[in-house]
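Have a look at the structure below before the remarks.
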Amino acid sequence: MSVLIPASQRRDLSELEDRIDLGHGDRDAKRSAYWTMLSLAGLIATAGVIGDSTATVIGAMIVAPLSTPILAVGLGIVTGNAPLVGRSLLYVLASVFVVVAIGFLFALLLPNPTNVLSNSQVVGRVSPTLTDLAAAVATGFAGSIAIARRDVGDVLPGVAIAISLVPPLGVVGVCLGSRQPELALGALVLFASNMVVLIIAAVVVLMTAGYARESSAETGTRWRGRAYAALAVVLVAVGIPMTLNSVTSLWADQVQALAESWLSDTPEAEVSQVTWSGHGLLVDVRSPDELPDIGELQDAVDKALPTDPPVTVVHTVGERISD
């Protein structure tokens, strides 16, 4: 571990606690800064989601301080500091409520919220996959190493962008305000996966870096074992829907390839997109001519996928107009 965190650059436990424990040191100043920046980040993120502005959402990621109490949970588990774990989790829960409430209130003011639900900022966060989980793992380790070292603090804005904690919560609020709880649940899964992976990464890095040995807290292995078990349960809970999303996304790609092959003899026909609708698939096709027998596509899908989902083709007729 000395390669990743050299002794000359390693923060001692008191430095680390002062950096991420909101109840350590000048508590009033820390809490004032935390809630001010979190509220502003929630407003920025929600505005970015509604306006479909990637740059604005990235700005919210940089401003948001939500990773601080999440990392403090990991430190509390490593050092056996149950009060630190408890109050940090309360900060996280209260932060979730604040950001979701901001998104919810924004959604109530929208004249046509269904337009927002189809933009890229929402669509990209309501169906998280294992790819998102893998990215969160790497980002969690980067962030945990950065807080333990004195010389790599400059990477923390990049970590904040990669881990994406506040924007998914803004999406949760917007979806709830738009009466789309199933979409809100998907965004909440993304947040929960990022949070639990960040805690696990912090535990692994800080434990390996020897912070447990510096602690004066007397905590039995049973308490720490319960904390590990709770993390494992949450990880499995968020991993199941992410795995299902990964599989269904892969199947949709397969069906798109089958649909393109099905249309290969139809001039100027193209597959716009393939999406899931319940247990079935919607295949959007643009073509100025009649389409082949849909039964051929259904047979091909039945052979390729194990669940035999019904296929519905949405045919948009187009024509070329020229002078």
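Each Cβ is built from the backbone N, Cα and C atoms, and glycine gets one as well.
Taken from TrEMBL, the feature transmembrane segment applies to 33-51 (among others). Nonlocal intrachain contacts for the transmembrane segment (33-51), taken as residues 6+ away from its ends with a CB within less than 8 angstroms of a stretch CB, comprise 22, 57-61, 63-66, 68, 91, 95, 98-99, 102-103, 106, 110, 116, 119, 121-122, 166-167, 169-171, 173-174.
The transmembrane segment annotation in TrEMBL covers 57-78 (among others).
Feature annotation from TrEMBL assigns transmembrane segment to 90-110 (among others). Sequence-distant neighbours of the transmembrane segment (90-110) (same chain, 6+ residues past either end, Cβ-Cβ under 8 Å): 22, 34-35, 38-39, 41-43, 45-47, 49-50, 66, 69-70, 72-73, 116, 166, 169-178, 191, 195.
Summarising the annotation, TrEMBL assigns transmembrane segment to 130-148 (among others).
Counting same-chain residues at least six beyond the ends of the transmembrane segment (155-177), those with a Cβ under 8 angstroms from any Cβ of the stretch are 38, 41-42, 45-46, 48-50, 57-58, 60-62, 64, 66-67, 70, 96, 99-108, 110, 113, 116-117, 121-122, 125-126, 135-136, 138-140, 142-143, 146-147, 183-184, 187-188, 190-191, 194-195, 198. For 155-177 (among others), the entry in TrEMBL reads transmembrane segment.
If you look at the transmembrane segment (183-206), the same-chain residues 6 or more away from its ends with a CB under 8 A from one of its CBs are 4-5, 16, 67, 70-71, 73-75, 77-78, 92, 96, 117, 122, 125-128, 132-133, 136-137, 139-141, 143-145, 147-148, 163-165, 168-169, 171-173, 175-176, 212, 228, 231, 234-235, 237-239, 241-242, 245. Residues or ranges marked as transmembrane segment in TrEMBL: 183-206 (among others).
For the transmembrane segment (227-244), same-chain residues at least 6 beyond its ends with a Cβ under 8 Å from one of its own Cβ atoms are 77, 85, 128-130, 132-133, 186, 189, 192-193, 196-197, 199-200, 203. Feature annotation from TrEMBL assigns transmembrane segment to 227-244 (among others).
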